[in-house]
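Here's what TrEMBL has on this protein:
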DOMAIN    B:231-289  domain 'CBS'
TRANSMEM  B:314-336  transmembrane segment
TRANSMEM  B:348-369  transmembrane segment
TRANSMEM  B:389-409  transmembrane segment
TRANSMEM  B:415-439  transmembrane segment
TRANSMEM  B:451-476  transmembrane segment
Number of protein chains: 2
Amino acid sequence: MTVEDRDLTLLDDAAHAAELPRESDSLDEENTLKKDFVRRVQDALAEDDQETVYALVEPLHPADIADLFELIEVEERPVLAKAINDLMGSEVFAELNDHVRELLVESLPAEAIADIAEQLDTDDAVAMLEDLDERDQQAVLAEMEPEDRAAIESALSYPEESAGRLMSRDFVAVPEHMTVGDLIDFLRDSHELANEFWEVFIVDARHHPVGTCALSWILRTPRAIRLTDVMQRDQTLIPVSMDQEEVALRFQKYALISAAVVDESGRLVGQITVDDVVHIIQEEAGEDVLLLSGAGDGDVNEPIRDSYVSRVRWLVANLLTALLGATIISSFSGAIEKLVALAALSPMVASIGGNAGTQTMAVAVRALATNQLTRANTRRILWRELRVAMLNGGTVATLIGLATALVFASPLLGAVIGAAVLTNIVTAGLAGVLVPVTLDRMGQDPAVASSVFVTMITDSMGFFAFLGLAVASGLVG
Amino acid sequence: MTVEDRDLTLLDDAAHAAELPRESDSLDEENTLKKDFVRRVQDALAEDDQETVYALVEPLHPADIADLFELIEVEERPVLAKAINDLMGSEVFAELNDHVRELLVESLPAEAIADIAEQLDTDDAVAMLEDLDERDQQAVLAEMEPEDRAAIESALSYPEESAGRLMSRDFVAVPEHMTVGDLIDFLRDSHELANEFWEVFIVDARHHPVGTCALSWILRTPRAIRLTDVMQRDQTLIPVSMDQEEVALRFQKYALISAAVVDESGRLVGQITVDDVVHIIQEEAGEDVLLLSGAGDGDVNEPIRDSYVSRVRWLVANLLTALLGATIISSFSGAIEKLVALAALSPMVASIGGNAGTQTMAVAVRALATNQLTRANTRRILWRELRVAMLNGGTVATLIGLATALVFASPLLGAVIGAAVLTNIVTAGLAGVLVPVTLDRMGQDPAVASSVFVTMITDSMGFFAFLGLAVASGLVG
């Protein structure tokens, strides 16, 4: 809603596009740093031309400076950090990719790290320090102001990826009897307030939150009104031990901007704001595709050795699964010798089953992660996926059966492969739901282990059904 | 920061846990509706006991009521809607799963839909109406108040999934000369304000945004200060045509809570708040795993026929890919007849290559989606993935080579399969990056088409390398 004021003349000026985001010298149309720009920075770094580096980097937003670090070579990063000096503020550190930050932090002395940590919000400072080894961590903490040190040690006492680590200890909490006017006066007089806050928490004598008051409400309420009369009593309280993924789901479900964090006794100890959660939502939602394939972190800044270790583990696990399939085929060697076409066709049956299984698995894993698949509707969803699998299986089995019968001039072979494909796709549909659900019920992350089991099932079933039916049907004399 | 007041006695009472979220009658420890609870609602619906249904549903948060609709059978939903009547407010509609809402809306008369739409924010109303067919849409719009109708028609004029559809037309924009005191008075006197806002936009005479002012700053600034002196001039402006995924990336990158939306001439036309974006982030980040496997929507509430159509298309595409592999194997029939072990071993080579390719593909697709992989660092990342692939390939090739040599008492066979696996895994590593990147450069969504091509490459290379080397090495007489 706009304020129409006699001083305000609203003239449309189609030519005036001064504020529109446009390609700049450094950012391209996708809002990422241009290749030329990065190259110019790298050239200046190579020539040790600190002035040019500084001039190029100075106009950038901290988030873009953080991106720049990711785009240059590993060896160039400490050089860049030195060249831009005072631009390397806490804001840039907060935005840095985890791996990049880890390397940079390792190259700095403890006092320098302590300085940066003191300027950061507790959750960002914790993110910076939590991956340091014990000795380095202690060294840094020793250099910090007692208050900040205590806050960080307190945060580190909570489990990793919990609300306690995510939360900020800066928030505004006021007693119940205050009026709007009291609050505004208090805020105006205080000099040490939270950087950003979107609502005010109202607490009782025991420091338990009794309600929240959005700033937009406070601003439009007359000064004399008591906060308890305008506050919202219905609030979402986050226990300090709650897993960050759960926190993210709550924020999404209830469209929260911020939420109070309470300890075991119900005392208000911190606040989580949605911008911290947004980062987690993207991470957690995006990681399923990486976990399902065993790609690990999926972060291209991860040291190569770490990527190798996590991925090769997965490949070896799948090797064992593939071995099972090879063993099954081996046991039908006699049949294959008599009808070599079987060797060419059996991988198709296994592969199609694998594809169908992966589809169902992807759906089930996402549905579990977003709480769409719960105990209350598991049976219904299983039945649904079974029906989809039968439709898919019927269609694909018919296509492949007809094609095979034609190409090999053998209706029996066509029927055998069709039946095998149908069996495998239906099996894949069932496995694609049951395996993730079972892992979830056992408290395991379904995205991590499901695909090994599902692939094992579809490969085995594929080879066994096809070759078994080929023999049983008398196709192979 | 807490206000210590003489009235405030802070006594820790460990026994007092009244505000902690705990299992309730209806929600379980994962904050989803309990199976029993859903069953009780369904029983009451079956007995047409509207009073019990109402009593059970009444204490629920609108988001939980929306979940309840997802957990009951399709036929039961209109019955539930009728039974809970006035609880079916606009809030519940805004939270409903898209497919569920579509079915419900189709069963309601145009006036009823118009009523609900009028109460919703424009973006939620648009979401409700945009999937109706033309005729029904017009019928509903005809029943609406002119103002609301105009807002929705305006929103519908923007492309699907664009900022124009996401934005809310309710925002607070004030002229440059205002002081903090003027603003507070204005907010107090106005009765028709945006429901929720977190910052105030300051506009010039041409209604172009010149800065923003967070409410937390306004509250702590003395009344006499001009807004232009406290406002933040550095702002992120969202063009009305920007794709929603891009909007989400901006919000994340710059940790925004809200952002101004401007039209082509730079005029402020709307506001997007982070809670709308959160929903999109989760969708967009989570869809890669579904797209890569061709699982389509991945929404378990999608009509079965739609799931079937999108998934079977994918299976058939993969069938053709598998056909290519079968053709390659066929061409080596002679070799297989002489050494049947080849039939058992070749699927392993293809499969391991497929796994490695999927890993790399998952990493590349996510990196492209999050702007971690850009033109500025493509070559570096390709080289990185190549090195990881060589490490993985070397390890797996050695393992499988040794095992095969032992089991078959044939060092040559071991060497052949080892070489083939190494070749395939390295090929997979290259393909896993190059295919998504190429599709991305061509303006296609890498997540949608990559896996068909990558699988085609790894299957073909797997069979060809192994069987080809087996023949070339003289293994097969």
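From the backbone N, Cα and C atoms, a Cβ is placed for every residue, glycine too.
Counted over residue pairs separated by six or more positions, the transmembrane segment (B:415-439) shares at least 3 Cβ pairs under 8 angstroms with the transmembrane segment (B:348-369), which defines the two as touching.
Across all of the domain 'CBS' (B:231-289), the predicted model scores a mean pLDDT of 89. The list of residues near the transmembrane segment (B:314-336) in space but at least 6 beyond its ends in sequence, with Cβ under 8 angstroms from a Cβ of it, reads 293-296, 342-343, 346, 350, 452, 455-456, 459-460, 462-464, 467-468, 470-471, 476. Of the Cβ pairs linking the transmembrane segment (B:389-409) with the transmembrane segment (B:451-476) and spaced 6 or more residues apart, fewer than 3 are under 8 Å, so the two regions do not touch.
Within the same chain, residues 245, 284-285, 288, 292, 325, 381, 385, 388-389, 392-393, 396, 400, 417, 420-421, 424-425, 427-429, 431-433, 435-437, 440, 446-447, 450-451, 454-455, 457-459, 461-463, 465-466 sit at least 6 positions outside the transmembrane segment (B:348-369) and bring their C-beta atoms closer than 8 Å to a C-beta of that stretch. Through the fold, the transmembrane segment (B:451-476) approaches residues 292-294, 314, 317-318, 321-322, 324-325, 328-329, 332, 334-336, 338-339, 342, 345-346, 349-354, 356-358, 361, 410, 412-413, 415-417, 419-420, 423-424, 427-428, 431-432, 435 of its own chain, all at least 6 residues removed from its boundaries and within a Cβ separation under 8 Å. In terms of DSSP helix, strand and coil, the domain 'CBS' (B:231-289) has 26 helix, 16 strand, 17 coil.
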